[in-house]
Amino acid sequence: MKTMTQLNIAVVVVVTVLIGMLRSSEAQLQMNFYAKSCPNAEKIISDHIQNHIHNGPSLAAPLIRMHFHDCFVRGCDGSVLINSTSGNAERDAPPNLTLRGFGFVERIKALLEKVCPKTVSCADIIALTARDAVVATGGPSWSVPTGRRDGRISNKTEATNNIPPPTSNFTTLQRLFKNQGLNLKDLVLLSGAHTIGVSHCSSMNTRLYNFSTTVKQDPSLDSQYAANLKANKCKSLNDNSTILEMDPGSSRSFDLSYYRLVLKRRGLFQSDSALTTNSATLKVINDLVNGSEKKFFKAFAKSMEKMGRVKVKTGSAGVIRTRCSVAGS
């Protein structure tokens, strides 16, 4: 009798495990996840991008940056979009204070809610808009499997601790990327998104005027480039508003020129310069520069798809928010 009871318990355990495994496999991200529940979802997003990105081409960079910042905090769950009246949400953290595109994503969400209420997650909207925005700038496309669910927790401190700041050295970059399951090649390739977009002198002034107690100017910065910035752009330590192109002369084209600038010590951020301080990442950069744009596009797309899978919530985990900015919607 005891043996039979033990056998029955063992069978129950095995069946429970198998059911759990089955549910887990069913809950994974998949291509065309909304094919039945909201068949036009991806077209609605793509059309909105195409209809608006040409009037505001500078929006492509913020949308891909938003995807990056979302995935690095609690996974790709749309929590970066949540508003907080107490100022404690992810978007209140220093790395996100200059983040743009919140209203753009909210408008797409409103369009989808009219057609398919409570169906398409904010997390999926971020992932799809990032891809479609890059394509609109002439960059690569990549597969975006969908089925992400939205998180309801958005924490300022977690964002501060997990999003790599522009002042990061190589050790910090490696650690923060590793925490998300991303390797050194991913680090270099995802940094390639700096080929589009702009920043401000606030992100550069310390490198130009107040780098350390012993050195005023960052020695890793090309001296001619620094002199040009001081003369024509960031004319004082207090200039926080002047716009700087991430990839001067090519900031609206998705290409390899960012890596060429990094090799010339003309990357805007300390984190850009940090990529050349490690032999492994330096080799990846040189291989990219000496290769074709097609090869770069393919590799970048692979890393973007990999990042888009970081710690996603699927199946019964998470929720589908009706308003991306409201945690309890």
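Positions of Cβ are set from backbone N, Cα and C atoms, glycine also.
Among THR195, THR206, THR213, THR214, only THR195 appears in Swiss-Prot as part of the Ca(2+) 2 site alongside ASP247, SER250, ASP255. The disulfide partner of CYS116, as annotated in Swiss-Prot and taken from the candidates CYS38, CYS71, CYS76, CYS201, is CYS38. Cross-referencing ASN96, ASN240 with Swiss-Prot, the residue annotated as N-linked glycosylation site turns out to be ASN240.
Annotation: CYS122 carries the greatest number of neighbouring Cβ atoms among the disulfide-bonded residues CYS38, CYS76, CYS122 [cut-off 10 Å, Cβ to Cβ].
In the three-state DSSP classification, CYS122 (disulfide bond) falls within a helix. The Cβ neighbour count for ASN290 (N-linked glycosylation site), using a 10 Å radius and every protein chain shown, is 9. Every protein chain shown contributes to the tally, and the Cβ of ASP255 (Ca(2+) 2 binding site) ends up with 18 other Cβ atoms within 10 Å. Recorded residues ARG65 (site 'Transition state stabilizer') and SER79 (Ca(2+) 1 binding site) have their alpha carbons 14 Å apart, per Cα-Cα distance. For the recorded positions HIS69, VAL73, SER79, PRO164, a Cα to Cα distance of within 10 angstroms from CYS324 (disulfide bond) holds for SER79. Cα to Cα, CYS122 (disulfide bond) and ASP77 (Ca(2+) 1 binding site) are separated by 8 Å.
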